[in-house]
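Scroll down for the structure; my scribbles are underneath it.
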């Protein structure tokens, strides 16, 4: 009979106090929740976000249609079509990235010989439909044009580590 009393006493009181002590410890510890739109956590300098295509300072697009980024992409998210110009150089007629397939590994950025495709620090983008995350050449060039100063600064800061 004594064993039954000890069992219920320890089950009800001691275990309850242990649980409340644990709850109290977490209640008064430092909170780690961030109220996202108002507060932002620091980003790594090497964060890989939204893709962008860059241009040369004279306005010409950098991509020479070598298709290395398409070949190295493990998710097969990049589609490139190109044609020959009158001067003999190659340029892209189509450069699409399907962000629903992309795993943001950065291989496309590393393989590009002319530094055309880059991954920016932008992570706040969305799509209401699946097709909204399918970026065409014009959309990627627009992102590159809009954020060129930030992209150039990030590339310069990271140049020593490449």
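Glycine is no exception: its Cβ is also placed from the backbone N, Cα and C atoms.
Marked as [4Fe-4S] cluster 1 binding site by Swiss-Prot on the basis of sequence analysis: 63, 66, 69, 112. The [4Fe-4S] cluster 2 binding site annotation in Swiss-Prot covers 73, 102, 105, 108 and is backed by sequence analysis. Summarising the annotation, Swiss-Prot assigns domain '4Fe-4S ferredoxin-type 1' to 53-83 and lists sequence analysis as the type of evidence. Look at Swiss-Prot and you will find 93-122 tagged as domain '4Fe-4S ferredoxin-type 2', backed by sequence analysis.
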Residue counts for the domain '4Fe-4S ferredoxin-type 1' (53-83) under DSSP, helix then strand then coil, are 5 helix, 9 strand, 17 coil
Looking at the binding-site residues 66, 69, 102, 108, 112, the one with the fewest other Cβ atoms inside 10 Å is 66
Model confidence for the domain '4Fe-4S ferredoxin-type 1' (53-83), as mean pLDDT, reads 95
Rounded to a whole number of Å, the separation of the Cα atoms of residue 73 ([4Fe-4S] cluster 2 binding site) and residue 112 ([4Fe-4S] cluster 1 binding site) comes to 12
Counting only residues outside 73, 102, 105, 108 in the same chain, those with C-beta within 8 angstroms of the [4Fe-4S] cluster 2 site's C-beta centroid are 69, 72, 74, 75, 77, 78, 97, 103, 104, 106, 107
Residues lining the [4Fe-4S] cluster 1 site besides 63, 66, 69, 112 (CB within 8 A of their CB center) are 64, 65, 67, 68, 70, 80, 108, 111, 113, 114, 116, 117
Of the binding-site residues 63, 66, 112, the one whose Cα sits nearest to the Cα of residue 105 ([4Fe-4S] cluster 2 binding site) is 112
Cα-Cα, residue 108 ([4Fe-4S] cluster 2 binding site) versus residue 66 ([4Fe-4S] cluster 1 binding site), nearest Å, comes out at 12
In the three-state DSSP scheme, residue 102 ([4Fe-4S] cluster 2 binding site) belongs to coil
Neighbour count check, CB within 10 A, over binding-site residues 73, 105; minimum at 105
Quick note, residue 112 ([4Fe-4S] cluster 1 binding site) and residue 102 ([4Fe-4S] cluster 2 binding site): C-alpha atoms separated, nearest Å, by 17
